[in-house]
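Database features, via TrEMBL:
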type     : residues : note
TRANSMEM : 78-97    : transmembrane segment
DOMAIN   : 112-321  : domain 'TLC'
TRANSMEM : 118-142  : transmembrane segment
TRANSMEM : 162-180  : transmembrane segment
TRANSMEM : 192-209  : transmembrane segment
TRANSMEM : 247-269  : transmembrane segment
TRANSMEM : 289-311  : transmembrane segment
REGION   : 350-370  : region 'Disordered'
Amino acid sequence: MAFRRRTKSYPLFSQEFVIHNHADIGFCLVLCVLIGLMFEVTAKTAFLFILPQYNVSVPTADGETVHYHYGPKDLVTVLFYIFITIILHAVVQEYILDKISKRLHLSKVKHSKFNESGQLVVFHLSSVIWCFYVVVTEGYLTNPRSLWEDYPHVYLPFQVKFFYLCQLAYWLHALPELYFQKVRKEEIPRQLQYICLYLVHVAGAYLLNLSRLGLVLLLLQYSTEFLFHTARLCYFADENNEKLFNAWAAAFGVTRLFILTLAVLAIGFGLARVENQAFDPEKGNFNTLLCRLCVLLLVCAAQAWLMWRFIHSQLRHWREHWSEQSAKRRVPAAPRLAARLVKRESGYHENGVVKAENGTSTRTKKLKSP
């Protein structure tokens with residue numbers, strides 16, 4: 001990022017300077033933290049930024065394994081990975097999306113949506129692969145009861161905690177990116193809605209020790225979102241290509257059903273049968289009737305809101321499609337006139353008399369006798 005060519009120079013620390021060089025500023029901050037690892041005096045502080053904190057040795061049948069729990073120091077780690085995400089965002093934007101959008105010649109509105117979908121396709125694809133790997137290796141798919149058994153799940157494996165820290169870093173970095181990318185004012189409310197929705201769900205699953213259930217739900221949600229943004233990119237490349245939208249519409253409804261069923265099964269029935277039902281924040285136990293109702297209400301309200309927006313957009317799309325089809329049917333085809341060949345004498349007509357091009361009559365003049 002530091003070797004990009006600059007066509008314009010801006011005053012130092014001005015608004016335009018920060019916008020056009022925010023990735024380089026983040027790269028310098030990350031580099032300072034990495035340099036801090038080289039010195040013994042600053043190494044301990046640098047490790048707070050890079051590695052997850054609050055590690056605990058948990059005895060197992062095979063020996064001891066290192067697990068982690070959350071705490072205030074996680075905010076420092078999330079801040080470091082926010083700068084990492086900003087750098088990766090700029091790399092994808094400059095070296096991939098900008099080169100593709102130049103060839104497509106998109107309008108300003110489509111260009112903004114193309115950049116948004118391009119960034120989210122990369123993020124959702126990497127998150128789906130990573131999340132699926134974690135869910136399979138930890139055995140959450142083969143043993144669904146592990147989603148609520150032995151609650152609270154205070155101690156997390158390294159890959160689970162690191163996954164949640166990176167998820168929080170990405171969605172927090174999306175807030176300043178609205179300013180850095182100069183997103184249009186009309187698009188900001190819509191993007192803020194889904195950014196805040198993801199932040200609430202990811203942070204809620206992490207802080208309420210529902211990390212196992214949150215992983216499975218994120219896997220379902222990210223898979224559907226990846227399909228949607230891929231379909232939108234294909235549509236920008238070829239406006240006649242809408243087959244992926246039909247596949248996404250079918251997957252969207254099925255995903256909402258699976259998320260609601262799994263949330264009710266794990267929270268409404270699974271956690272309700274766990275013996276420890278006392279509210280104890282120090283031990284990470286939030287398994288009470290009020291907390292379960294609040295979590296279920298949040299999940300159900302979010303899914304209902306997403307489904308309502310989906311139905312509303314589909315109805316609007318169908319109305320526009322049928323209005324275009326009806327408009328094409330109403331316009332009558334222009335009748336074709338038979339071409340008639342008209343033989344005309346040389347010159348032009350004036351008052352029924354054929355005139356020559358120089359204005360004289362075409363009839364032969366009688367010569368007067370001398």
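Cβ coordinates come from backbone N, Cα and C, glycine included.
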_Contact between the transmembrane segment (162-180) and the transmembrane segment (247-269) (at least 3 Cβ pairs under 8 Å, separation 6+)_ = no
*Would you mind giving the whole-number mean pLDDT across the domain 'TLC' (112-321)?*
91
